[in-house]
Amino acid sequence: MVVTRIAPSPTGDPHVGTAYIALFNYAWARRNGGRFIVRIEDTDRARYVPGAEERILAALKWLGLSYDEGPDVGGPHGPYRQSERLPLYQKYAEELLKRGWAYRAFETPEELEQIRKEKGGYDGRARNIPPEEAEERARRGEPHVIRLKVPRPGTTEVKDELRGVVVYDNQEIPDVVLLKSDGYPTYHLANVVDDHLMGVTDVIRAEEWLVSTPIHVLLYRAFGWEAPRFYHMPLLRNPDKTKISKRKSHTSLDWYKAEGFLPEALRNYLCLMGFSMPDGREIFTLEEFIQAFTWERVSLGGPVFDLEKLRWMNGKYIREVLSLEEVAERVKPFLREAGLSWESEAYLRRAVELMRPRFDTLKEFPEKARYLFTEDYPVSEKAQRKLEEGLPLLKELYPRLRAQEEWTEAALEALLRGFAAEKGVKLGQVAQPLRAALTGSLETPGLFEILALLGKERALRRLERALA
């Protein structure tokens, strides 16, 4: 059975890069009827942020990436937080010492700094401490770490399913720390032990981990375990081709949610970052992605995360993929956040229908449609000028509107066209000042539709205010 996992660190906001990698892990597991695990790598206590784990899990659920095992859903391989698995790592580090694949190193931070300055990195000097002496010093409580003893000379072969075989000279592989002096493991030890114990068959992660993979391959060899298949995905990039980072881009999934991006659209866009559909189409469901998924269609070029392209896709989902009822339902939290209410479900649906071609994110709806929900809306300078130009015509139009009994789009259009013809002016010379009076803007849906939606009483009240 295919078993995949993601192992985010709770060190900040849920990252768009985590979602991208999660998506491919999820798809590969589902494509093969396998299992998808979420494990929390919280061993870096200095960078740990309270509440970050909950936000990561909530973001995955928001994106529709359900997992079979994890810290909040449990499973047969728990616990799923590395901080709750410390005795395991200590046990396996001891195992490596016994097998001659690791050694204790007692250098102080100051000594290590000096070694780095002189040698450019750790030189393995603690390898020469006789094991009995090292054990005695450890028993006395002398602070130390446990390091991997890389076999030298020699080579280590890494097979990446996307990139082929890479052979590393063991002289280039450092004796990395496996267990820190506080008893916490480093990424290398914890990730290999957990992947093995959790039955992970396919490790799908970002390409920045490729350089660490020879260390992991050596650890599998040291324990006598079969290594999983490795796939290193290209990193998401900024438009300037640098690695995506919060300095240059919005990387927090919480930001996309708050800005009114749809989870379906963001998910679809992230699929396109590393994958192309056989028929070349850009809009597809998660289920369609899973059905079409093969590694042959995964690109290794550095995918550029372009916010404008995502906005375009989000707009396509609002206009063409979701039903009118779904869009109306999803704008509600954004209306409430803007302090706006709606008089009925039918009114809200019609407002969304009119505005649908004009907003690309859910958050833009209350910004652009404010005048449909409140009397407290801004008036643009252009609209104010147009209103002032058209006041004489509006004064004459007002009694006609007041006397109009049939308040429908067709009847109102007939009235306004007839009025413009009678006055010998173009329709726009009447319609634009009236639009400004009713909405505070010159960029709105059709005027007759707005008049009909606002209703006679509210439309007349706004016109009276403009004429006062």
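In case you wondered, yes, glycine gets a Cβ from its N, Cα and C as well.
Less than 8 angstroms from the CB of Arg5 (L-glutamate binding site) sit Asn25, Phe36, Ile37, Val38, Arg39, Asp195, Met198, Val200, Val203, each of them six or more residues away in the same chain. Marked as L-glutamate binding site by Swiss-Prot: Arg5, Ile6, Ala7, Glu41, Tyr187, His188, Leu189, Ala190, Asn191, Arg205.
Taken from Swiss-Prot, the feature motif ''HIGH' region' covers 8-18, and the record attributes it to sequence analysis. Below 8 angstroms of C-beta separation, residues 38, 40-42, 44, 47-49, 52-53, 55-56, 58-60, 206, 235-236, 244, 246, 250-256, 270, 305 of the same chain, each at least six residues beyond the ends of the motif ''HIGH' region' (8-18), sit close to that stretch.
Secondary structure at Glu208 (ATP binding site), taken from DSSP and collapsed to helix, strand or coil, is helix. Neighbour list (Glu208 (ATP binding site), Cβ cut-off 8 Å, at least 6 residues apart, same chain): Leu235. Swiss-Prot lists His15, Glu208, Leu236, Lys243, Ile244, Ser245, Lys246, Arg247 with the feature ATP binding site.
Taking Cβ pairs closer than 8 Å, the motif ''KMSKS' region' (243-247) reaches residues 13, 16-17, 235-237, 305 in its own chain, all 6 or more past its ends. As annotated by Swiss-Prot, motif ''KMSKS' region' applies to 243-247.
Sequence annotations record features per position, and here Swiss-Prot assigns site 'Interaction with tRNA' to Leu354. Under DSSP, Leu354 (site 'Interaction with tRNA') is assigned to a helix (H, G or I) in the three-state scheme.
Taking a C-beta cut-off of under 8 angstroms and a sequence separation of 6 or more, Arg358 (site 'Essential for discrimination between tRNA(Glu) and tRNA(Gln)') has the following same-chain neighbours: Lys368, Glu443, Pro445. Annotation source Swiss-Prot lists site 'Essential for discrimination between tRNA(Glu) and tRNA(Gln)' at Arg358.
Helix, strand and coil counts under DSSP for the region 'Interaction with tRNA' (432-447) come to 9 helix, 0 strand, 7 coil. Taken from Swiss-Prot, the feature region 'Interaction with tRNA' covers 432-447.
Averaged across the region 'Interaction with tRNA' (432-447), pLDDT in this predicted model comes to 97. Comparing local CB density within 10 A for the binding-site residues Asn191, Ser245, the maximum falls on Asn191. Pairwise Cα distances among Arg5, Ile6, Ala7, Glu41, Tyr187, His188, Leu189, Ala190, Asn191, Arg205, the recorded L-glutamate-binding residues, top out at 16 Å. The two recorded residues, Leu236 (ATP binding site) and Ala7 (L-glutamate binding site), have Cα atoms 18 Å apart. Within 10 Å of the C-beta of Leu354 (site 'Interaction with tRNA') there are 18 other C-beta atoms, taking all protein chains into account. For Ile244 (ATP binding site), the nearest neighbour among the listed recorded positions (Ala7, Leu189, Asn191, Leu354), judged by C-alpha distance, is Ala7.
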